[in-house]
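Participant: Following this message is one structure expressed as C-alpha cells.
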Amino acid sequence: MSSIEEKNTKGSTEGTNNIIQNASQRAYKNANSYFENNIGVFNIYDVFVCILIITVFPYYILNVSDISFVRDTNPHEAKLLDLIDHYKNNKFILSFTGPYALYILSVLSTYNLRYVSLVFTTGTLLNIYLSLRRSNINILFSIIPIVSIGYIAPFQELSSEISIDVIFIYLLTQVIYFWNTLRIQNVYATLKIARQSFILSILVGLLMSTKFIGLMTWLWIMAMSVIQFWNLISDITLPSGRIFKIVLAKFFFLFTIPFLVFSVMEYEQIRSWETDSPEYSQYMSSIFQTYLRGVEQVPTTVNYGAVIRIRHLNSLGGYLTSHNETYPGGSREQLVTVSDIEDTEWNKWILEPSDNFDLNNNIDESHHVVLRHKMTSKLLRVSSAKPPISEQEYDKEVSCTGNAEYVGDRDEYWRLETTKLHEPLRNNIKIQLRNVGQNCQLVSHDIRLTAKWGKNEQEVLCLEPATQQFSTWEVIVVEQSPLKNDTKLEPFGIDKSMLSFTGKEAWKLILEVLQRQFRYDYFVQNYKLEGMKIAQWPFILNNDPFAMHCWFSSIVAIVVYVGWVAIQCIRINPWDNDDDNDKLASLSTLIFNETAFECFLGWLFHFIIFSKAKHDNLDIVSYLPSYILGEILFAYVVYSLYSWKHATLTVWVVYVSILMYRARR
C-alpha cells in the first residue's frame, strides 16, 4: 500500500490542490478537504443497495437458512427473559446488562423478540454499508464486508436469538456511521457539527447503557477525537476562533454527554426499583439493602447476648457461616466458611463475654469475647492446623468446637478491633477479629472449598500479618440483646424519597451497583465455568472454506495493516533532507491512513478488554464488535490495493472463487 503514494507523486489526483497546501516550512492538509472534494456523498445506487440489504438478508434468514424462530428458549434467552420480567415489575436485579437494553426489550412483545433481533442485525448491515460509503469506499467494495458478516454462523444465529448483543452491535455501527459522517462535515458549519456531535454523543451514552463494554467504545471515540483535533490544528490557515468553535461543538458533547446519559440511565434504574429481590440483594451492602427494604431502627451499641451476622466486606455476599459438618483433615472440627447466602440460620452468631464482664457494659477492644454459633452452640476458634485448601505454613485453620456448656479458652477468645481505640461496638461498624490464643486475624479470600465437603464456599483462615483488604468485617445486628432493656435505637439507611441525582447517596448507590455487577458476573454466574479461550476467538475453524475466509478476513486485515505500518516506520529516515519527505499523500491515502488506524484502534479496544476477564465463560458473540471493525478494515485494505493496481482484484476474485468451489464440494 506504500505504492499508493508512488502513484500519486507521478500523477495528480482530482482536487489535490484542495487537499495539500504549502507553507514556508511544511506542507499541511486542508482541514476542509473532505467536504470540498465531496467525499462520502450518497447517490441513487446507494438507495438501491440499501433496499437490497434490508430485503435479501431477512429473506435469506427466514426462508433459506435452517434457523428456526419458533424453537424453545435456550439458557441464555431464559436468563434474559427473567431479567426482563424483573425490569417490568420494578424488581431489583444484578446483571452484566445495562438498563437501556432491558428497557428496549421490556416494551416489546416477548413473542416477537427474535424477529426484533433480525431487524437489528439487518440494520447493522445497513449501517456498515453506509459507513463505508461515507469513507469514500466504492459500492462494490462496500458490499464485501456485508456478505462476510451476514454469512458467518454467529451473526446469523444472533439474528434469531433473544439477545442484548443485537442492540449493542446495532448501536455500535450507528456510532461508526455518525463518526464517519462527522469527519466529512464542513468545518465552517458549526451548527451542523454540533448537531452531529450531539447525536453521536447520545448514541455512545446509550451504547454504554446497553453493555458495559460500551465504555471502551467511549474511550475509543475520545481517543479518535484527540487525534482528529491534532490533525485539525495542522491547518495553519484555520482561524483560532473557528478551532475553538469546533472544539466546543464537538469535543464538549463527545466528552460529557455520554457520561451524562449513562449516569441518568443508571439513576433512573435505581429509582425504578420498588420491590426487593433477596436472591440479588443479598450481595449488596447493608446500606444498599436499606434502600430497597426501608430505613431500619438499629441499636446505638451492640451488647452481650445480641445475635449478629459477621460479613466479610471484600467478598460479594460474604457471611461468616458454620455448618454441621467437619473438615476431612486438620483439626477435624466443625466447618467454617464464608457463604453468599444471607437469609439462613447458619450464619448467626451470639456475642458472649469471655469472663465476668458486666453484661451492661459497652463492648470495645479491651474486651475478650467469644462467638457462639447459634445453630450448633459451638464456639468459633483457631487451631494450629493448616487450612484445608491454602495449606500455607503460617496459616491457621478456623473451626467451631465445644458444646452449649463450653465457655471457651484462649483459642476461642477474640478481640474486636475497630478503627478507633475503645470505640463501642455498634451496628454496621467495620472491625477486624483477632484471635487471642493464636495472635492472628480472621481473613477470607476468593479461594473456595471443594463442593464435596465444603459446599463450594469461600475458605476462612487466620494469619498474621493480615492484609486489611481481606481481614475487614462488618457487624450486623439481627436480634437485640435480651440482657439489656434500655437499648437506644437510631435510624440507619437511605430513604428512597430523599434520593436526588445530585446527591452523594445516589452516586454511592450507582457505583456500588456497577461494582457488584462485575463481581456478581464472576463470583456467582461464571465461577469455574470454562469456555473458548479469548485468544482463540479470531481463529475459529470451520468446515466451510468460504465461512472460514469470512471469519479470518477480519484478522487478516489487522495483520496486513500492522505489517504495512511497520514497513512505513522502517522507511522513515529523519536524517534525509529530501523535500519529498515533507510532501503529504493524496486524498485516498489520507482517508486510508485515518480510517484504517481508527478501525485498528477500535478492534484493539473492544478485544483487549476481554483479556482482563477472570473467566473464559464468554460467548463468541462478544467478539462481534471487534470482528465487525476488522471487516470494515478489510474493505479499506482491499479497496486501497485495488486503487493502487487494479490487477490485485483478480487475485481476490480467484481466491473467493476457489473457496466457493470447495464449499460446494
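Cβ coordinates are placed from backbone N, Cα and C, and glycine is handled just like the others.
What TrEMBL records for this protein is below:
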TRANSMEM  42-62  transmembrane segment
TRANSMEM  92-109  transmembrane segment
TRANSMEM  139-156  transmembrane segment
TRANSMEM  162-179  transmembrane segment
TRANSMEM  199-223  transmembrane segment
TRANSMEM  243-262  transmembrane segment
DOMAIN    299-354  domain 'MIR'
DOMAIN    360-419  domain 'MIR'
TRANSMEM  546-567  transmembrane segment
TRANSMEM  587-608  transmembrane segment
TRANSMEM  620-638  transmembrane segment
TRANSMEM  644-661  transmembrane segment
Participant: For a three-state summary based on DSSP, what are the helix, strand and coil counts in the domain 'MIR' (360-419)?
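Facilitator: Its residues fall into 3 helix, 21 strand, 36 coil.
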Participant: Taking 42-62, 139-156, 243-262, 620-638 as candidates, which has the most Cβ pairs under 8 Å with the transmembrane segment (587-608)?
Facilitator: 620-638
Participant: Do the transmembrane segment (162-179) and the transmembrane segment (92-109) share at least 3 Cβ pairs under 8 Å, sequence separation 6 or more?
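Facilitator: Yes, the stretches contact each other.
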Participant: Checking distant contacts: for the transmembrane segment (139-156), what same-chain residues at least six beyond its ends satisfy Cβ-Cβ under 8 A?
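Facilitator: Same-chain contacts beyond the flanks: 45-46, 49, 53, 57, 60-61, 65, 67, 121, 124-125, 128-129, 132-133, 542, 546-547, 549-551, 553-554, 620-621, 624, 627-628, 631-632, 634-635, 638-639, 642.
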Participant: Please count the residues of the domain 'MIR' (299-354) that DSSP assigns to helix (H, G, I), strand (E, B) and coil.
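Facilitator: DSSP composition of the domain 'MIR' (299-354): 3 helix, 26 strand, 27 coil.
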Participant: Mind checking which residues of the chain, 6+ beyond the ends of the transmembrane segment (620-638), have their Cβ under 8 Å from one of its Cβ atoms?
Facilitator: 1, 124, 128, 131-132, 135, 137, 141-142, 144-145, 148-149, 152, 154-155, 158, 163, 165, 168-169, 172-173, 176, 213, 217, 532, 537-538, 540, 551, 553-558, 560-561, 592, 595-596, 599-600, 602-603, 606-607, 610, 652
Participant: For the transmembrane segment (92-109), give me same-chain residues lying six or more residues beyond its boundaries with a C-beta closer than 8 angstroms to one of its C-beta atoms, as numbers and ranges.
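Facilitator: Hits for the transmembrane segment (92-109): 80, 83-84, 86, 116, 162, 164, 167-168, 206, 208-212, 214, 265-266, 268-269, 273, 275-277, 280-281, 283-284, 292, 513, 516-518, 520-521, 525.
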